[in-house]
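The structure appears below as structure tokens.
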Amino acid sequence: MESRVLSRATTATTISSLRSSPGENHQNVSFVSLKPIGAVGEGGNVIWGRQLRPALLLESSSAPAGLFSGKKEILRPILATASSPAEGSDSTGEAAPVGFFDRYPALVTGFFFFMWYFLNVIFNILNKRIYNYFPYPYFVSVIHLLVGVVYCLVSWAVGLPKRAPIDSKFLKLLIPVAVCHALGHVTSNVSFAAVAVSFTHTIKALEPFFNAGASQFILGQQLPLTLWLSLAPVVIGVSMASLTELSFNWTGFISAMISNISFTYRSIYSKKAMTDMDSTNIYAYISIIALFVCIPPAIIVEGPQLIKHGLSDAISKVGMVKFISDLFWVGMFYHLYNQLATNTLERVAPLTHAVGNVLKRVFVIGFSILAFGKSMTSN
């Protein structure tokens with residue numbers, strides 16, 4: 001009994017010594033109310049979906065010396081948030097699944113190239129058929145871009161993809177790209193309307209040569225001599241094709257060459273702009289700017305002729321429904337193939353993209369000959 005009394009007295013003395021006297025300036029130690037492990041309260045610290053164990057939290061480091069000496073680090077939990085899991089992990093702490101694009105990058109790039117080629121073949125065949133009864137390349141160029149812009153606006157409206165914001169600084173980067181795109185697009189269509197599809201693409205096969213020149217003399221990249229020698233057969237082949245082409249005229253030839261130069265600069269400037277925005281949104285903004293660039297020349301060059309007899313002649317030949325349908329679908333295929341081309345450029349170097357363009361033209365030339373006959377005439 002005596003030992004119990006002494007024990008209780010000692011405990012009471014210890015507790016009373018911990019109490020602050022009225023004159024002392026000690027801060028109180030507060031305790032967090034205990035909750036069952038796993039219960040998430042307001043302000044609770046969650047690590048990858050798990051609630052930290054409730055612990056004593058010291059409101060100030062000025063607690064009485066020695067009271068919690070040696071236990072401070074144990075009592076303080078490691079702060080973390082649910083929004084910052086370890087890299088490569090999902091919200092449950094497990095390894096995040098790797099997407100198909102990341103697992104097979106070469107296969108995805110190859111698929112992009114294939115779809116780019118496929119859509120371009122359809123576009124070229126349909127585009128040339130329109131020019132056979134409606135030879136107004138400036139107006140058709142505007143329709144191509146207009147359909148694409150409407151497509152982009154609808155896609156943004158439904159959130160596929162989500163529209164990326166653009167500022168004045170980035171807009172200045174895109175304006176040169178859009179101007180080059182507009183100039184190359186219009187001159188390509190002028191060439192398509194003037195000569196055979198196969199001949200235009202033969203001339204445009206020189207694009208890697210222009211791209212290599214721009215890479216070395218403008219960007220300052222030193223290209224090996226072997227690369228220049230590998231381009232020599234392309235130059236020789238284009239020269240021979242130009243001399244023997246049945247539908248040759250200077251309008252088609254010069255327009256195709258201007259298109260080569262324009263698209264070379266477009267590829268270079270586009271690659272620079274892709275550091276801050278995804279390729280899909282970049283091409284959408286390029287299309288919008290290019291549309292405004294193409295409208296004034298179309299009105300000036302072809303506006304009076306279209307009002308006078310151009311539109312009425314086309315409708316009388318194929319009918320209103322087919323005429324509008326052809327313009328809509330050629331615009332859709334134009335936008336989609338260019339979108340795939342821009343997505344592909346995001347994954348490869350500009351020169352690789354230009355070489356891929358040459359292979360694309362092999363497909364286009366082959367299918368255009370099948371579609372319009374073996375003789376390489378203007379039709």
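Each position is counted from 1, following the chain as shown.
Heads up, the Cβ atoms here are built off N, Cα and C, so glycines get one too.
Keep in mind the model is a prediction, meaning the values are calculated, not measured.
Sequence-remote contacts of a segment are chain residues at least 6 beyond its ends whose Cβ falls under 8 Å from one of its Cβ atoms, and for the transmembrane segment (106-126) they are 100, 192, 197, 201, 326, 329-330, 333-334, 336-337, 340-341, 343-344, 347-348, 356, 359-360, 363-364, 367-368, 371-372. The annotation transmembrane segment is assigned in TrEMBL to 106-126 (among others).
Mean pLDDT of the predicted structure over the domain 'Sugar phosphate transporter' (108-377): 87. Residues or ranges marked as domain 'Sugar phosphate transporter' by TrEMBL: 108-377.
According to TrEMBL, the feature transmembrane segment maps to 138-160 (among others). Distant neighbours of the transmembrane segment (138-160): 127, 130-131, 182, 185-186, 189-190, 284, 287-288, 290-291, 294-295, 297-298, 301-302, 306, 310, 327-328, 330-332, 334-335, 338; these residues of the same chain sit at least 6 beyond its ends, with a Cβ under 8 Å from one of its Cβ atoms.
The transmembrane segment annotation in TrEMBL covers 225-244 (among others).
Look at TrEMBL and you will find 250-269 (among others) tagged as transmembrane segment. Within the same chain, residues 173, 176-177, 180-181, 183-185, 187-188, 190-191, 194-195, 199-200, 203-204, 206-207, 210-211, 214-215, 218-219, 242, 345, 350, 353-354 sit at least 6 positions outside the transmembrane segment (250-269) and bring their C-beta atoms closer than 8 Å to a C-beta of that stretch.
The transmembrane segment annotation in TrEMBL covers 281-300 (among others). Tertiary proximity for the transmembrane segment (281-300) is limited to same-chain residues at least six positions away from its ends with a CB under 8 Å from its CB atoms, namely 138-139, 141-142, 145-146, 148-149, 152, 155-156, 161, 163-164, 166, 171, 174-175, 177-179, 181-183, 185-186, 270, 273-274, 335, 338-339, 342.
Only residues 6 or more beyond the boundaries of the transmembrane segment (320-337), in the same chain, are considered here, and those with a CB under 8 A from a CB of the stretch are 116, 119-120, 122-123, 126-127, 129-130, 134, 140, 143-148, 151-152, 287, 314. Feature annotation from TrEMBL assigns transmembrane segment to 320-337 (among others).
If one looks beyond the transmembrane segment (225-244) by at least 6 residues along the same chain, the residues whose Cβ comes under 8 Å of a Cβ in the stretch are 199, 202-203, 205-206, 208-209, 212, 253, 358.
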